[in-house]
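Chemist: Sharing a structure below in C-alpha cells format, with a few things to ask.
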Amino acid sequence: MADTDPGYPRSSIEDDFNYGSCVASASVHIRMAFLRKVYSILSLQVLLTTVTSALFLYFQALRTFVHESPALIVVFALGSLGLIFALTLHRHTHPLNLYLLFAFTLSESLAVAAVVTFYDVYLVLQAFIMTTAVFLGLTAYTLQSKRDFTKFGAGLFAGLWILCLAGFLKLFFYSETMELVLASLGALLFCGFIIYDTHSLMHRLSPEEYVIAAISLYMDIINLFLHLLKFLEAVNKK
C-alpha cells in the first residue's frame with residue numbers, strides 16, 4: 001500500500017509530471033528552484049559583463065587596442081551568434097549547455113565591453129543604473145501580474161524586424177534625429193521583451209530549460225542597455 005505521509009519523498013510519476021509541464025503548473029518548490037537557477041545564472045552573466053566592461057573602460061591600453069581594431073566587435077558578435085545557435089541545439093545536453101553558456105556570456109561581455117569604450121564613462125554609468133532600475137521594476141510587475149503577455153509576442157518580433165531594417169537603413173541615411181528616435185523605440189521594444197520573456201519563462205518553458213530562460217533575459221538586458229546608451233548620447237549631443 002502506498003505511503004501517503006507527506007514526509008516521504010514524492011513519487012517519480014509526480015516528478016515526471018512536474019518536469020514535463022510548464023513552470024507555472026509545476027509544484028511550488030520546483031518553481032522556486034527554477035527561478036533561483038534562472039536569476040542566479042543571470043546575475044553571474046551581468047556581473048561578468050559589468051566587470052569586463054569596467055576593465056575595458058579603466059585601462060587605457062584596452063581602450064586604445066579596441067579603437068585601433070574596431071572589427072573585434074564584429075568578431076565577438078559573430079561568435080555570440082554562433083554560440084547561441086549551438087546552445088539552441090544543445091539546450092538539454094548537460095553539462096555541455098553550461099559550457100556553451102559560459103562561452104556565450106564571455107563573448108557577449110567582450111562585445112559589450114568593446115562597444116562601451118566608444119562612450120563617455122558617465123553615460124555608461126547612467127545607462128547601467130537606468131537599465132538595472134527598469135529591469136527590476138518590470139520583473140516585479142510581470143511576476144505578480146495576472147495578465148497574459150504572450151499575445152504581445154507577434155507584435156514584439158515584428159517590431160524587432162522593423163528596428164533591424166531601420167538600423168540597416170541608418171547606415172546610408174544617418175542623422176542625429178534618426179539615432180534618437182531609433183534608440184528610444186529600441187529601448188521601449190526591449191522593455192516589452194523583458195515583460196514578454198519574464199512571462200514566457202513561467203508559462204511557456206519547462207523547469208529544465210533554465211539556461212534558455214537566463215539567456216533570453218540576459219539578451220533583453222544587454223539590448224536595453226545599449227539602446228539607452230545610444231539614447232543618452234543622442235540627447236547629450238542635442
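Even glycines carry a Cβ here, placed using N, Cα and C.
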Chemist: With respect to the membrane, does Swiss-Prot record His90 and Leu232 on the same side?
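Modeler: For His90 and Leu232, the topology recorded in Swiss-Prot gives the same membrane side.
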Chemist: Under a Cβ pair cut-off of under 8 Å, which of the recorded stretches 39-59, 69-89, 152-172, 176-196 contacts the transmembrane segment (121-141) most often?
Modeler: 176-196
Chemist: Would you mind splitting the topological domain 'Lumenal' (60-68) into helix, strand and coil residue counts from DSSP?
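Modeler: Helix (H, G, I), strand (E, B), coil: 9 helix, 0 strand, 0 coil.
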Chemist: Count the residues of the topological domain 'Cytoplasmic' (90-97) that DSSP assigns to helix (H, G, I), to strand (E, B) and to coil, and report the three numbers in that order.
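Modeler: Computed counts for the topological domain 'Cytoplasmic' (90-97) are 2 helix, 0 strand, 6 coil.
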